[in-house]
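To start, the structure itself, in structure tokens.
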Amino acid sequence: MAAETSSSMPGESGKALAPPPKDLHAAAKTWTDILESLGWIVANVVSSLACVLCNKSVLQTHGFHYIATLNVLHYLATVIMLEFLAAIGGHDKGAMPMKERVKVGSMSVVSVQLQNTSLLVNSVGFYQIFKLLVIPSSMVLESLTTGIDRKYDFKVYFSLAVMSAGVLVAPEEVEVKTRKLKKLFTKYSEIKAEIVDIQEEFQKDREDMLDTIRSLQQQLKLKQAMIDHFVPPEESKKIGSKAQWDDEHECWLLERLSDDLDENEVPNNKGVPVSKRPQSAGGRRPTTDYARIANAMGDQNPRFRAENIIQLELDLPERTTYDYNGGSQEQQHLSNVMFQGDEEEFFN
């Protein structure tokens, strides 16, 4: 006899609430199981992919080629995580004989060692293909080594067939991409060689230009030193003010010093003829800074004076010989005695 419950709402008659159907509980449990399975699948895929990419980055990108050390770190992290889960009650420790532990541990170490080696020498795609081939290979090894002929469902064989077909198609695609990569690498090598040739050519040109610039700088320093010591500052300033840069010929030019222009000539850049050179009649010739310093130091050399006419007399050389006196009377008499009989005497 079903119990009836009355509604608490005022003004309404009580009605019996039917119990939820069993199919609803089963459907909810089924969806819960499906979502839980999907969660575990996604977690497995994400964790596996993260481990693969992390190992690939460690082995190739960062150059850590010590696979055995990587395996030790891998198993050390696994042991620490399992002990932590067992301590918080999330994992139950199973009892296994020592002999079986050694077998399982040895096979696990060898498998992880081979996986890391494959990941080191191959790409991630080939690594995943080899992982897919582990399942049918394990089935074949199990039947050959243990002698147990297990019967699998048709779905398992169908999945293995599809997976094997994908594995067979993958190398062809990889081969096509490999050929394309070889072509690209060949073009890259050619471009790189051209870049090297161009760099060498420009390096030679740059060295030649640097040598030319150094030579010009030395000449400019020498000429600047000559100007500073032998050309008066006011004269150099006058010449500098008259010098103009010619963009067409790429050189410095001086303005004309005459009002007469030829038919093929044009005025200066200001549009007016250039005046004649001023003549300083009766003026003192300019002196250089070096001459002024020498004059201040007391050097009486006429070349450091500022007169227009330095000297009027000739600059005769000094005498370097003496007049011959003939010697003493005794020397003259002795010479005459020695040469008696000659037509004439040396000394009279």
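Glycine too: its Cβ is placed from the backbone N, Cα and C atoms.
All TrEMBL annotations are machine predictions without curation.
What TrEMBL lists as coiled coil is 181-219. Tertiary proximity for the coiled coil (181-219), restricted to same-chain residues at least six positions away from its ends with a CB under 8 Å from its CB atoms, involves no residues.
The compositional bias 'Polar residues' annotation in TrEMBL covers 1-10.
Per TrEMBL, the feature region 'Disordered' maps to 1-20 (among others).
Positions annotated as region 'Disordered' by TrEMBL: 263-286 (among others).
As annotated by TrEMBL, transmembrane segment applies to 37-54 (among others).
Annotation comment: TrEMBL describes 66-88 (among others) as transmembrane segment.
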**Request:** Would you kindly list the residues that approach the transmembrane segment (66-88) from elsewhere in its chain, counting only those six or more residues past its ends and only Cβ-Cβ distances under 8 Å?
**Result:** 55, 58-59, 109, 112-113, 116-117, 120
